Every structure is written in C-alpha cells, then in structure tokens.
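Participant: Shown below is the structure under consideration.
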Amino acid sequence: MDSPLAIIVLAAGKGTRMKSDLHKVLHPIAGRPMLMHLMASAAELSPARQVVVAGHGREQLEKALGGSADIAVQDPQLGTAHAVQQAQGALSGFEGDVLILYGDVPFVRASTMRAMIERLHGADEPAAVVLGFAPADTLQYGRVIADDGRIVKMVEHKDASEAERACRVCNSGLMAVRSADLFGLLARVGNDNAQGEYYLPDVVNIAIADGRTCAVVVTDDADEVAGINSRGELAEAEGRWQQRRRAAAMADGASLIAPETVWFAWDTVLGRDVTIEPNVFFGPGVTVGDNVTIHAFSHLEGASLAQGVEVGPYARLRPGARLEEKVKVGNFVEVKNAVLHKGAKANHLTYLGDADVGAGANIGAGTITCNYDGYFKHRTVIGERAFIGSNSALIAPVRIGADAIVAAGSAVSRDVADGELRMVRAEQLVKPGWADRFHDAMKKKKAEKKS
C-alpha cells in the first residue's frame, strides 16, 4: 500500500445502555480501553492521519488519546454518514485512502484492515470497500447483496425481500474509501428515513447508482466485528478475549492448571515453562520470565518476575515490584515499588513497600517496612544475606547491613551495620507464681458473685 492512509474512528454515541459516566469506548477490556485496542491495531498500518469523531464525553477522549489523534466533534448526532462528514476539516489537504472504523468495535484485526485497503486498490478500482461478516443470527443486520465480491446493493433488514434476507453476508459498518471520493459521496446522502438520519451505507448505493464498482471483503471471524453497547456485551467481549489469550499462552509453553480462572491483561508477557495455578489475576504491566510458578489466588500488576521465581499462594505484587532470579514471595505477602534481588525470600505475611532487599536475604513472617510518614514515602534497604526475624517493623528510612540479624519482634528505626545483631524489645518482666495467684483470686471473686 503506497497510498497514504487516514483512519476515522466514530465514537460520538452516548452509550446510554452502559449507564456510566465513563465514555463507552473507554471501558476497559483486559485492562485497556476498548478504543485503544482498536487504535493499536490500526497503528500497524502506519496511518498518516487519525481522527476520532466525538460527541458526548469529548474531554475524556482527548485525555485518553493524549494527542495521538485529532478530535472532530459531531453535535448533534445525525447518523453515521453525518459523523464521518465531521472529520472533513481534520483531513483537509489529505490525499489517500480513508478507513472508517467504530470505537465500540475494538477487535478488528490489522490484517482485516489491510485486506480492505488492498481490495480498494484492486484492478476494478472500487469506489468503496465494505467489511462483511456472517453471524450465527442475521436477524438484526443489514445485508450486503453481492455478486462475486462486487456489491449489487446494501439493504437494511427491515427493507429486505425474502430472497435478500437469505443472504448471510451482513454489513459490519466498516468501510474503506478514497479521500477523493468520500466527502463528495457523503454530501449526497439524504435523511429520508424513519429516523431522519444520514446513514453511511448509502454511500455505497450512491456510488453504484453512478455506475461505480463497490466491493465487499468478508471476515472469517464474526467476533472481530462484534459491537459493544452494554455491560453484558462488554463482559462477553472480555470473555472472548481472555479465552483466546489463555489458548495463546498455553500454545506458547505456559501451563494453566484451570485456564478459565486465569485473567490476563492486554500486555502480559509470559516466558516458557511458566506454571499458573487457579484464580490468578494479571493487571497491566506484568512480565514473567521462564520457569516461574505463580500459585493460586495471586494478584499481579506492574511487576516483573525473573527466571525461577515462585509467587503465592495469595500473594500481591503491585506496581514497581521487581523479583530477580529464584526469589520467593509466599502467602499473604505484598510487594510494592520494591526490588528483591536473587534468592531473597519473604515467605509469609509480609509487606515490602519502597524497599531494596539484597540477594539471599530472608524476611520473616509478619515483617513490615513502615514506608509512609503521612506525607512522604521513605525507602528501606536490606543488605545481602540479612535475616529479619518475624514480627519486625523496619521504620524507613533505614538500612540493614549485609549479614545482619534483626531479632524477632524488633522495631528498627536506626541503621544496622553489616554483621550486627539488632534487638529492639522491651525488657521481659518475670514474676514467678503471679499467674497462679491471679487465677485463684479471680475464681474466688467469681464464686462470691454467685453466692
């Protein structure tokens, strides 16, 4: 494809069925707004221009896009053809191909987009290329009546004859058109219909009436053009995405003990021979090395796990957690913005926040890095091979030296030197026989109350 490409994404709908203050196309699937799934696929075609047509929630879209696309505004919303017209200003001076997509149809593959553009440059030079699909139930969809891939006409279901309804190729709404043709055709679209709106498929019928060829490309996967208009459809889309990602993970060498209970993010990276037990959740930003085991009920986000790491069960890795080779983070351990160097262990009931844990260090059960003073975060540094006894509080900023030992139950607020033992406890009080006398006195008092 030598011709420059522009992408128009229609996202002006109110999304009323979502019943949400968040713009419909910004609802996440696998931890990523559905619009950004679509934009990422489109980016594989290296478009020269990108325009998102917004209406309701424009400010949210601008923030999410961060300047990566121009924003055109459709107000009022008068149909899909009218929406595309609003991009004309943003495409002023552009000469090339235009691909029209929908923000609530997020899983169109780059290969499908590419096939549409390639068909636009076919020998018969079609004026427009429509993406068709064959759903299991064609009842609600307009039909693409075609002969050998050339469109005869586009017809809405309610207007179709019985013979036309027998056609299984339906209109996805996606279209590829040359910029030289697009806006001239749009200007001729009327609104003589029950809704009084301007519909994009009419572009095809107008071009055909002019004697131009229009073509259809039919996807082999109806799910890729499934629209999302409600919370239920959002959940279904999430389920389909997760099912495919799980299958891909296992095909790439990961073992998922109960695949249907594992939830991945859009950018999860897994190495070879990774074992994932049931009910594990990956948020965005997780990279897992080879030969890692993640035990049941663990929650990971923004974390990197090197080769041979073992996590969980019931562990939580938060953003900034970095576990180097052979690290063990066990049950009910939380790690945030902390590095555990090679072979370090925190096996149970521990919080490590804003910490640097040296290679081979052992963190006992119940250890807490006290990293927040109510205003600022502070860092704890634990040296190589240090041993932190159970139920210890390390009050940051503090440094524990290499090979040092912190006795169980200590609250450490000053640095500990290399090889030092630090014990910070109140002196034990011993009173022989006191408990016996206490019990005797209480029993006597209880008996007196009953009498």
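Placed from the backbone N, Cα and C atoms, the Cβ positions cover glycine too.
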Participant: Determine which of Arg399, Arg425, Arg437 appears in Swiss-Prot for the same acetyl-CoA site as Ala365, Asn371, Tyr372, Ser390, Ala408.
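Facilitator: As annotated by Swiss-Prot, Ala365, Asn371, Tyr372, Ser390, Ala408 share the acetyl-CoA site with Arg425, chosen from Arg399, Arg425, Arg437.
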Participant: Other than its close neighbours in sequence, what residues sit by the region 'Linker' (232-252), given a CB gap under 8 Å and a spacing of at least six beyond its ends?
Facilitator: 18, 27, 29-30, 34, 106-107, 223, 226, 259-260, 262-264, 268, 270, 272, 276
Participant: Of the recorded positions listed here (Gly13, Gly79, His348), which is spatially closest to Ala365 (acetyl-CoA binding site) when Cα positions are compared?
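Facilitator: That would be His348, the closest of Gly13, Gly79, His348 to Ala365 (acetyl-CoA binding site).
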Participant: Would you mind giving the whole-number mean pLDDT across the region 'Linker' (232-252)?
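Facilitator: That stretch averages a pLDDT of 98.
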Participant: Please tell me which one of the binding-site residues listed here (Asn229, Asn371, Ser390) sits closest to Leu10 (UDP-N-acetyl-alpha-D-glucosamine binding site), measuring Cα to Cα?
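Facilitator: Closest candidate to Leu10 (UDP-N-acetyl-alpha-D-glucosamine binding site), judged by Cα separation, is Asn229.
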Participant: Mind telling me which of the binding-site residues Asn229, Asn362, Asn371, Ser390 has the densest Cβ neighbourhood, counting other Cβ atoms within 10 Å?
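Facilitator: Most Cβ neighbours within 10 Å: Asn371.
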Participant: Between Ala408 (acetyl-CoA binding site) and Asp104 (Mg(2+) binding site), what is the CA-CA distance rounded to a whole number of Å?
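Facilitator: Cα-Cα, rounded: 56 Å.
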Participant: To the nearest whole angstrom, what is the C-alpha distance linking His348 (active site, proton acceptor) and Tyr372 (acetyl-CoA binding site)?
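Facilitator: If we compare the Cα positions of His348 (active site, proton acceptor) and Tyr372 (acetyl-CoA binding site), the gap is 22 Å.
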Participant: DSSP on the region 'Linker' (232-252): how many residues come out helix, how many strand, how many coil?
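Facilitator: Its residues divide into 20 helix, 0 strand, 1 coil.
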